[in-house]
Structures are given as structure tokens and as C-alpha cells.
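Remarks on the structure that follows.
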Amino acid sequence: MSGNTFGTLFAVTNFGESHGPAIGCVIDGCPPGMELSEADIQGDLDRRRPGTSRHVTQRNEPDAVQILSGVYEGKTTGTPIALLIQNTDQRSKDYGQIAQQFRPGHADFTYWKKYGIRDPRGGGRSSARLTAPMVAAGAVAKKWLAEKYGMVFRGCMTQIGEIAIPFESWDHVPANPFFAPMADVSELEAYMDRLRKAGDSCGARIRVTAGNVPIGLGEPLFDKLDAEIAYAMMGINAVKAVEIGAGFESITQRGTTHGDSITPTGFVTNNAGGILGGISSGQDLEVSIAIKPTSSIISPRQSIDIHNNPVEVVTKGRHDPCVGIRATPIAEAMLALVVMEHVLRNRAQCGDVQTQAEKPESASPQASFL
């Protein structure tokens with residue numbers, strides 16, 4: 001199986017299966033000399049970790065990360081960094097009944113047809129559990145980008161099912177299990193309780209941002225920053241759509257309002273999402289993703305088995321009624337990995353480039369000039 005490595009200069013190779021002994025990744029290209037410990041990574045893994053509330057899967061994995069290589073005396077050495085996360089709470093017997101059946105909405109059918117074999121336990125390689133190593137790698141990228149550029153990556157849920165979530169403050173996001181930017185999440189909790197009792201699932205919309213991004217990241221024509229971001233986000237399990245900036249709202253906007261006017265003190269708006277012509281403009285990167293409803297539900301559904309016989313599929317096991325609830329740190333990590341890759345690329349080619357443009361005195365802190 002190919003397609004397991006993300007990035008080139010900051011390359012992350014992901015390995016493992018949902019119910020295997022362990023999952024992990026190898027990071028190749030991390031600059032040397034950065035202080036790094038498991039504690040620097042564990043915080044983001046804890047944000048993504050299952051079993052943290054009644055609204056997510058009750059699979060109880062500690063997701064404790066181990067650094068196996070690439071760090072000496074507390075600092076990165078420039079050699080590959082191997083990160084390992086043990087699987088400790090597998091319950092493979094839950095998947096015995098569906099081992100020869102294809103669950104609607106899952107990768108079962110396509111994996112079987114492509115490879116002629118599949119691991120049905122927890123989805124095997126197609127499981128969202130494999131996002132944990134990417135969150136770990138993203139934490140490494142976040143740390144380097146924060147230290148070198150002061151970059152800040154944040155995310156929140158802006159919609160769950162039919163419920164739009166108003167933005168109140170970033171301060172509310174870590175205080176509730178939904179990563180919602182609002183103080184009172186009782187409506188969201190009641191909605192999820194009803195959904196779970198009905199044996200159904202729902203989708204979600206997640207917003208992620210990156211602040212203090214330098215101007216100049218992105219490589220036209222085909223490695224544009226927004227193209228790479230979309231590629232990364234679509235690599236997250238269950239993501240079905242990506243928006244940059246105004247996204248689909250651009251359809252109803254006019255050119256007189258969509259184009260972000262520029263003044264001596266900076267941009268007036270950010271409909272472009274911080275990217276112009278595939279290159280970062282210095283504004284915040286603004287990205288939203290749409291996540292489909294969880295495919296693993298207890299309600300019976302029509303399908304076939306590996307012999308093409310009609311079957312009624314009832315999925316057992318422990319599953320997220322909305323995978324979007326834990327997707328915020330995943331989307332943050334993937335955005336950080338894209339930015340890390342392009343910072344290294346831009347430094348290699350354009351590190352000595354200087355222009356006559358001066359930084360506007362009262363421009364936002366995101367609009368830094370290289």
C-alpha cells in the first residue's frame with residue numbers, strides 16, 4: 001500500500017492499524033536543535049483522545065506517545081523522529097459478524113475490491129484512529145513554527161448536525177467536549193443524547209485558523225498553499241468538503257465585495273482566507289471542513305457480503321456518533337504540517353529575497369513581511 005507519507009521536506013510516514021499492537025509515524029526533515037519531549041506532544045493527543053466524554057467513542061485509549069529516535073539530550077538531532085502510540089483497548093470480537101460484510105459508507109467494499117483482503121477490526125488501516133500519529137507529528141510542527149515565527153493554530157466546531165454554533169470566544173473552546181466557541185453547550189449535549197438514543201449519527205463543520213503566517217508560502221502553479229491545504233484536509237477521515245476563506249459563500253458575493261481591499265495599514269477583509277494566487281498574504285489562514293455522519297451506526301442497513309449476497313448490516317462496537325467532535329485537533333495538525341512543509345520550501349528557495357514593500361505600521365500581527 002502506497003500513499004502513507006505526507007510531505008516532502010517535512011515528511012511524515014504513518015503506520016499501523018486500529019486493532020494492531022501500535023500505531024505511529026516517522027518524521028523525516030525536522031530541523032535540529034529544537035527542544036522536544038513527549039510532554040510537548042501529549043497535550044494535543046489528549047485533546048483528540050477517545051473516551052473523554054459520553055458524546056464520543058468509549059474506547060479508552062491513553063494514547064501515550066513514545067519518542068523512539070531523533071532526539072538526544074532533549075533536542076532534535078535532524079535525524080528521523082519515530083513516534084509510537086500503543087493500542088491498549090482493542091475489542092476485536094465486536095467485528096466478527098461484519099468480517100465478510102460491507103458496511104455502508106465505510107471503506108470495506110473498496111479496500112476489498114482493491115487489495116483482495118482487508119482487516120475488518122475497527123476498520124483496520126482505514127480507521128480514524130490513524131489520525132493520532134498525524135496529531136503527534138502536527139504537534140512537533142506547531143512547536144517549531146511557534147518558536148521560529150510565533151505562529152498560532154486554533155480550531156473550533158461551528159456546526160453539528162442542523163445546529164449552527166455562534167462564535168463567542170476562543171476561550172470557550174477548551175472548556176467543553178465539542179470544541180465549541182460558546183459558553184453554554186447544553187443544546188448540543190441534548191442533541192447528541194437524542195441522536196444516540198435513535199441509533200443514528202450526524203456530521204459537523206470545523207473551522208481552523210493559523211495566525212502570524214509569513215507572506216510568501218505556497219508554490220504556484222500546482223503546489224499552491226490552498227491546494228495543499230485542501231489536499232491535507234481531504235486526507236482526514238470522513239471529510240467531504242473544504243472551504244478556504246469565504247468558500248462557497250463566494251458564489252453569492254460580488255467582485256466589489258469579495259476582493260479584499262488593501263490599505264497602507266493592511267487588508268480590510270479576509271475573504272481569500274489568507275491566500276492570494278496560491279501564496280500566503282500574511283493574513284490569518286482560514287479553513288473550514290465538512291465532516292460526514294459517522295458510518296458505524298446500530299440502525300440496520302441494507303448491503304451485501306463478499307459473495308454478493310444481500311445482507312442487513314448492524315454495526316456493533318464503540319463508535320463516535322459524530323466523528324467531528326474530535327476532529328478539531330486533527331484539522332489543526334494537518335494545517336500545521338502543510339505550513340511547516342512550505343516554510344521549509346520557501347526558506348530553501350526564497351530565503352534571501354527582499355522587496356521594497358514596508359510593513360504597514362498598524363497592520364495586524366499576521367501581516368508580517370519576509
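Each residue's number is its place along the chain shown, starting with 1.
In case you wondered, yes, glycine gets a Cβ from its N, Cα and C as well.
The Cβ of Arg54 (NADP(+) binding site) has 12 neighbouring Cβ atoms from other residues within 10 Å, across all protein chains displayed. The NADP(+) binding site feature in Swiss-Prot is assigned to Arg48, Arg54.
The FMN binding site annotation in Swiss-Prot covers Arg125, Ser126, Ser127, Asn237, Ala238, Gly277, Lys292, Pro293, Thr294, Ser295, Ser296, Arg318 and is backed by sequence analysis. Every protein chain considered, the tally of other Cβ atoms within 10 Å of the Cβ of Arg125 (FMN binding site) stands at 20.
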| request: Pop the Cα-Cα gap between Arg54 (NADP(+) binding site) and Ser127 (FMN binding site) into the table, whole Å please. | output: 20
